[in-house]
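Contents: one structure, followed by commentary.
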Amino acid sequence: MSKVFKLNSEFKPAGDQPEAIRRLEEGLEDGLAHQTLLGVTGSGKTFTVANVIADLNRPTMVLAPNKTLAAQLYGEMKEFFPDNAVEYFVSYYDYYQPEAYVPSSDTFIEKDASVNEHIEQMRLSATKALLERRDVVVVASVSAIYGLGDPDLYLKMMLHLSRGMVIDQRAILRRLAELQYTRNDQAFQRGTFRVRGEVIDIFPAESDDYALRVELFDEEVERLSIFDPLTGQIESVIPRYTIYPKTHYVTPRERILQAMEEIKDELVERKKVLLDNNKLLEEQRLSQRTQFDLEMMNELGYCSGIENYSRYLSGRGPGEAPPTLFDYLPADGLLVIDESHVTIPQIGGMYRGDRARKETLVEYGFRLPSALDNRPMKFEEFEGLAPQTIYVSATPGNYELEKSGGEVIDQVVRPTGLLDPIVEVRPVGTQVDDLLSEIRQRVAINERVLVTVLTKRMAEDLTEYLTEHGERVRYLHSDIDTVERVEIIRDLRLGKFDVLVGINLLREGLDMPEVSLVAILDADKEGFLRSERSLIQTIGRAARNLNGKAILYGDKITPSMARAIGETERRREKQQLHNEEHGIVPQGLNKKISDILELGQGLAKNKAKPRNMKGRSIVEDDPAHVDLTPQGLQKRIHQLEAQMQQHAQNLEFEEAAQVRDQLHQVRELFIAAS
């Protein structure tokens with residue numbers, strides 16, 4: 001079989017990586033359904049996974065617990081596989097308020113949502129890649145377990161065009177309208193088409209930098225070409241092309257008509273139940289809302305909140321699992337669950353919260369009972385659909401350990417030779433004064449400190465106390481949004497302040513090589529924030545520094561502390577032994593400080609077409625952009641789009657293309673920020 005994945009890296013597997021790669025690949029080839037990779041902080045887990053993907057040549061989905069880590073993984077995978085389809089699939093809502101009813105105050109809250117067009121385009125691109133290619137890595141958030149259009153209906157709706165095909169212009173335009181494309185002869189943008197004589201230009205919904213030109217002659221497709229929608233320059237002539245629907249939720253007309261009949265039948269049954277229970281108001285409300293939706297579906301082919309009828313539109317039975325991104329993944333696909341100790345419980349919790357809200361809507365006549373089937377997957381359904389799975393975590397949960405039969409693949413030795421931090425336990429009585437003296441020692445040699453406490457009040461008091469004693473301190477709390485949080489972490493690394501105080505925000509996925517001390521106050525207070533996994537994750541924040549040290553303040557050693565200290569010492573001994581055997585001298589990490597915010601640079605460089613000019617890199621030339629909030633970046637995107645269109649109208653195509661290259665980069669920054 002020809003090799004489709006091409007791994008691009010200047011590094012070769014080192015430390016525990018070669019053994020981990022070998023064992024993972026053997027397990028997958030032997031048909032093991034579940035494997036757990038215990039990879040410590042800084043051991044190159046993503047690189048190990050990338051090697052497994054490249055060697056086994058299988059389409060892969062990587063699940064991350066949140067958008068920040070998904071963006072980070074997407075950036076890393078994009079660098080490892082520049083010539084393959086690395087896709088990004090997260091929730092496309094910038095803002096989402098689901099419809100809800102509060103019976104106590106008789107308040108109905110309408111659904112309100114703001115969709116991010118760029119992320120919608122990336123989601124469409126992800127499903128297209130899974131349907132068309134084998135060399136695909138989709139990095140997804142837990143959004144992947146939510147209902148998506150049925151892949152069978154989606155495939156049925158595609159429009160295939162090929163050179164020499166006999167089809168008249170009206171038939172093409174009718175099919176485009178069914179795919180929910182709109183005609184716009186003035187503003188040519190994603191999801192639209194324009195007609196000029198016998199030429200139809202189509203801007204595919206999943207594309208952001210190319211369009212399709214269909215030239216007809218005497219009811220026959222004479223030529224198909226890919227062109228730059230900005231400059232109009234033809235880039236290639238192609239023999240065939242497939243146009244995908246504008247949305248995942250597109251449905252054939254006959255299916256809509258059939259669904260409408262089924263909805264009417266359910267409405268009659270439900271009205272009878274409500275009237276029998278003397279719920280006249282609910283019966284009237286349900287009848288009015290459903291009739292309005294049916295009218296809209298009949299006239300337009302869709303209605304607001306059409307997802308509530310998804311059971312009928314996809315032809316499923318009551319209680320059946322909704323189609324999701326997993327239905328698009330080939331049968332021999334591979335699933336990698338990153339930070340599995342966080343992601344797995346998240347998957348389990350999604351269904352229950354959604355169900356409680358919908359039951360109230362059904363009970364009070366806002367929705368038909370079939371709306372309960374518009375839901376995320378249940379955990380059991382996820383287990384049934386998941387292909388061969390690799391769980392990746394520094395602290396695997398009980399579920400992962402049980403599923404992989406207690407067999408854990410250790411990736412403890414880092415390629416850099418860095419050791420896990422030294423762990424000390426000190427008494428609580430003098431913890432604040434002791435911490436102050438430790439901070440001063442670190443500040444004197446230009447190193448940083450993380451401090452984790454139990455409550456918001458303690459964090460505020462400690463921040464105030466340390467500030468009064470002349471230390472440069474910031475406090476990270478739950479009210480701070482993702483972008484500001486990333487900026488605070490970057491400022492800490494840059495040395496704008498020396499100490500960061502937090503509660504539960506100093507855990508997974510934060511790379512800060514400058515941090516040499518992690519202080520855990522009140523470590524002996526057994527609970528979620530001081531569990532074995534939380535302690536190991538927090539101690540791991542100092543594992544990227546040559547002088548890494550963790551101080552646990554506690555008057556007694558709890559079972560969680562004992563296990564966390566024992567595990568850290570086990571890892572440290574293994575790392576030391578490996579270094580001695582191979583004559584390795586530990587090297588400090590020298591990671592670029594702007595890494596997480598430069599998500600889009602590699603992508604923009606890959607996507608930008610070779611031109612006879614130097615497209616200015618916004619990220620490199622204008623650091624102000626890195627500080628922008630999602631709102632600021634969105635505004636900048638609109639400004640650049642307007643600027644680009646203006647250049648195109650003035651026939652200044654080189655300048656327009658230059659602005660377009662900048663636009664790519666700002667969009668990718670926006671993904672990291674959103």
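Easy rule for this one: first residue shown is 1, then count along the chain.
Cβ atoms here come from the backbone N, Cα and C positions, even for glycine.
As annotated by Swiss-Prot, domain 'Helicase ATP-binding' applies to 26-183, with the evidence given as sequence analysis.
For Gly44 (ATP binding site), the same-chain residues lying six or more positions away in sequence with a CB closer than 8 A to its CB are Gly15, Gln17, Gln411, Arg414, Pro415. Under the heading ATP binding site, Swiss-Prot lists Gly39, Val40, Thr41, Gly42, Ser43, Gly44, Lys45, Thr46, citing sequence analysis as support.
The list of residues near the motif 'Beta-hairpin' (92-115) in space but at least 6 beyond its ends in sequence, with Cβ under 8 angstroms from a Cβ of it, reads 123, 304-305, 357, 360-361, 364, 366, 630, 634, 674. For 92-115, the entry in Swiss-Prot reads motif 'Beta-hairpin'.
Residues or ranges marked as domain 'Helicase C-terminal' by Swiss-Prot: 431-597.
Residues annotated as domain 'UVR' in Swiss-Prot: 634-669.
Report note: the ATP site is defined by Gly39, Val40, Thr41, Gly42, Ser43, Gly44, Lys45, Thr46, and the residues of the same chain whose CB lies within 8 Å of the CB centroid of those residues, excluding them, are Thr48, Ala394, Gln411, Arg414. When Cβ neighbours within 10 Å are tallied across all protein chains shown, the highest count among the binding-site residues Thr41, Thr46 belongs to Thr41. In the domain 'UVR' (634-669), helix, strand and coil residues by DSSP number 33 helix, 0 strand, 3 coil.
If you draw a 10 Å sphere around the CB of Val40 (ATP binding site), it holds 25 other CB atoms from the protein chains shown. According to DSSP, Gly42 (ATP binding site) is assigned to coil rather than to any helix or strand.
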